[in-house]
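Peer 1: What TrEMBL records for this protein is below:
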COMPBIAS  1-17  compositional bias 'Basic and acidic residues'
REGION    1-29  region 'Disordered'
Amino acid sequence: MTKEILFVRHGKAEDRSAGTSDANRQLTEKGKKEFRSFVSSVKKELESDKAVSVWTSPMERAKQTTEILSEQMNWPDAEEKEFIVKGDFKALMEDVKAAEPNTRIVCVGHKPIQGIWIKELTGNSYAFKKGGMALVRLNERDANQGELVWEDKPDS
């Protein structure tokens, strides 16, 4: 009855500009198209017999990435989690431990936070490309430890 965390970095977003706050930056049209195509190409790997719980950063680009994922995978609506954007590993693990057994948690967020969390769980560094995904299976006896079991990223 292991839990898994599927870490997903948001797709390609607008560049930072003086007129838009970082929280409101959106995916570009190209970013949306590329991420949809990527999700289609890895759909088989994303399917699971586990219950799915979707968590997203409250940043607009992460929410848009989450919408594409949930729509294509028929996953439930996402819960916004402030700790994802803040990088609060302790809060992440508290919510993971509170989740039902045999659950896949989909965590959509940002670089470098997710790479840091993967290193915290697995001991291995992971460099996220925009739209990239990494699946960590958590240790049944110690949820603070895990193994990277799958990763992929868009070609472009």
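Positions of Cβ are set from backbone N, Cα and C atoms, glycine also.
Worth saying up front: this structure is predicted, and the values here are computed from it rather than measured.
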Peer 1: Counting only residues 6+ away from its ends, which parts of the chain sit with a Cβ under 8 Å from the region 'Disordered' (1-29)?
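Peer 2: Same-chain contacts beyond the flanks: 35, 46, 48, 50, 57-62, 64-66, 68-69, 96, 99, 101-111, 114, 117-118, 121, 128-140, 143, 146, 149.
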Peer 1: Per DSSP, what is the residue count of the region 'Disordered' (1-29) in each of helix, strand and coil?
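Peer 2: Split into helix, strand and coil, the region 'Disordered' (1-29) gives 4 helix, 10 strand, 15 coil.
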